[in-house]
Amino acid sequence: VGPEVLSLWKSKSTFTSFGVFFLQMGWGDLGAFGEPSKETPNLDQMASEGMLFLDFYTANPLCSPSRAALLTGRLPVRNGFYTTNAHARNAYTPQDIVGGIPDSELLLPELLKKAGYVNKIIGKWHLGHRPQFHPLKHGFDEWFGSPNCHFGPFDNRALPNIPVYRDWEMIGRYYEDFKIDLKTGEANLTQIYLQEALDFISKQQASQQPFFLYWAIDATHAPVYASKQFLGTSQRGLYGDAVREIDDSIGKILKHLQKLGISENTFVFFTSDNGAALISAPKQGGSNGRFLCGKQTTFEGGMREPAIAWWPGHIPAGGVSHQLGNVMDLFTTSLSLAGLEPPSDRQIDGIDLLPAILQGKLIDRPIFYYRGNEMMAVRVGLYKAHYWTWSNSWEEYGKGIDFCPGQNVSGVTTHTQEEHTTLPLLFHLGRDPGEKYPLSFASDEYQRAMERISVTVQQHKATMVPGQPQLNVCDKAVMNWSPPGCEKLGKCLKPPKSDPKKCFWPH
């Protein structure tokens with residue numbers, strides 16, 4: 001595809017709709033990435049019809065910051081989705097969090113809305129549950145899903161059950177109106193989320209309306225669930241059942257686009273918010289393939305994600321890209337397809353992937369691995385330098401919390417925070433994707449690689465202006481006691497007296 005075609009599509013912006021599947025799955029969970037049971041035929045077909053990204057990353061090894069990064073195109077340390085309560089801590093948005101996505105941030109749906117797009121989020125929002133953080137106040141026109149994970153059931157006295165919203169108001173709560181059987185893992189939520197997607201797409205196609213669909217369901221997040229017809233069908237247990245149902249759903253969404261005749265006008269991207277959670281393995285944990293550790297860590301298993309771009313008639317079928325990509329790039333790439341420029345009044349970390357997707361170009365860019373307020377590592381080319389290492393504390397590890405089960409690498413998967421800023425641990429990910437063999441500090445290769453990496457890090461830190469941290473303060477009074485619409489359902493609960501405290505983040 002030549003530059004003139006890329007230019008043409010930028011000028012035909014309003015005819016391109018977007019779908020983003022944003023889930024919690026590991027790099028090794030898809031057959032297209034080598035999962036041996038081959039239980040993802042639809043995602044594998046999506047890859048064969050589109051482009052597979054082998055070097056695609058998230059912006060944080062935890063869900064909430066990653067979602068904030070995708071929708072703002074900015075590192076969590078810039079958009080405020082981090083904590084300064086302790087060094088290098090992973091923080092997210094549990095029920096008692098006071099913060100959320102700031103009004104000062106410009107989200108992708110807000111910008112697309114100005115270009116005439118209708119935007120819908122299906123599934124988990126996770127960017128703050130208080131009224132000012134509601135997704136419909138940040139560019140989305142429709143919402144079906146929840147503000148938090150489906151943890152529970154709770155007693156509605158010490159902790160309220162999580163609400164499920166349709167647009168502005170809650171329509172019920174998990175475990176009460178939306179059943180999840182923790183014994184069997186049965187829940188019909190994925191089927192509900194699928195139907196919501198199909199109906200939304202049909203409605204927009206009927207009105208010839210460009211749309212942005214953000215399908216962010218959480219079936220593979222522990223406690224894992226699947227519909228009755230998928231239970232017991234996988235060789236991988238309940239987690240595999242959930243993956244199979246997600247795969248089936250994505251296949252139906254793509255076929256629906258084709259049936260309606262709009263697949264060639266719809267850019268679709270599949271990826272994950274963090275690496276598979278190994279703490280819940282093997283029964284409820286996924287696979288990160290050959291990569292080290294998983295969710296919560298800044299090793300490859302925590303931040304390298306499966307990624308597929310699909311756009312029939314535009315993306316050459318069967319393509320494989322080694323472009324270093326990041327979820328933040330979906331922000332910039334979507335704006336580019338819509339004929340819009342990214343905001344110029346702030347630092348945008350995402351790049352436009354269209355030259356890589358449509359022209360096969362490789363864009364030189366680094367990948368930064370953050371954990372809270374600390375840059376833990378950086379990748380430049382095939383080299384990855386760790387400036388800090390830490391899996392989790394000895395105290396948490398002693399309680400059975402292990403983010404790297406069966407993968408202890410001496411001096412690398414450390415249980416104390418180890419600083420390497422003077423002599424970073426350096427790995428060549430082409431020869432050593434599992435980060436097991438640090439290069440010798442005395443080698444010429446180490447010296448040459450670190451000369452280049454050091455310049456990249458210095459430039460990055462010189463321009464880093466952290467945002468106001470949103471994940472520092474917790475207060476049980478702000479939990480989901482009385483969400484909008486609760487009075488109509490008779491489901492309002494009385495909150496306790498406000499008692500704000502510093503959130504405790506152990507990891």
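Just so you know, glycine gets a Cβ as well, placed from its N, Cα and C.
TrEMBL lists 25-339 with the feature domain 'Sulfatase N-terminal'. Per TrEMBL, active site, nucleophile is recorded for CYS63. Positions annotated as Ca(2+) binding site by TrEMBL: CYS63, ASP273, ASN274. Taken from TrEMBL, the feature active site applies to HIS126. Residues annotated as N-linked glycosylation site in TrEMBL: ASN188, ASN408.
Positions of TrEMBL features highlighted on the structure.
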residue	record	CB count, 10 Å
CYS63	active site, nucleophile	25
HIS126	active site	27
ASN188	N-linked glycosylation site	15
ASP273	Ca(2+) binding site	28
ASN274	Ca(2+) binding site	29
ASN408	N-linked glycosylation site	12
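Apart from CYS63, ASP273, ASN274, the residues listed for Ca(2+), the same chain places the Cβ atoms of GLN24, THR58, ASN60, PRO61, LEU62, SER64, PRO65, SER66, ARG67, SER272, LYS295 within 8 Å of the centroid of those Cβ atoms. For the recorded positions CYS63, ASN188, ASP273, ASN274, ASN408, a Cα-Cα cutoff of 10 angstroms around the residue listed as 'active site' retains CYS63. The domain 'Sulfatase N-terminal' (25-339) scores a mean pLDDT of 97 in the predicted structure. Within 10 Å of the Cα of ASN274 (Ca(2+) binding site), the following recorded positions from the list CYS63, ASN188, ASN408 place their own Cα: CYS63. Relative to the residue listed as 'active site, nucleophile', the recorded positions with Cα atoms inside 10 Å are ASP273, the candidates having been ASN188, ASP273, ASN408. Put simply, ASN408 (N-linked glycosylation site) is 38 Å from ASN188 (N-linked glycosylation site) when counted between their Cα atoms.
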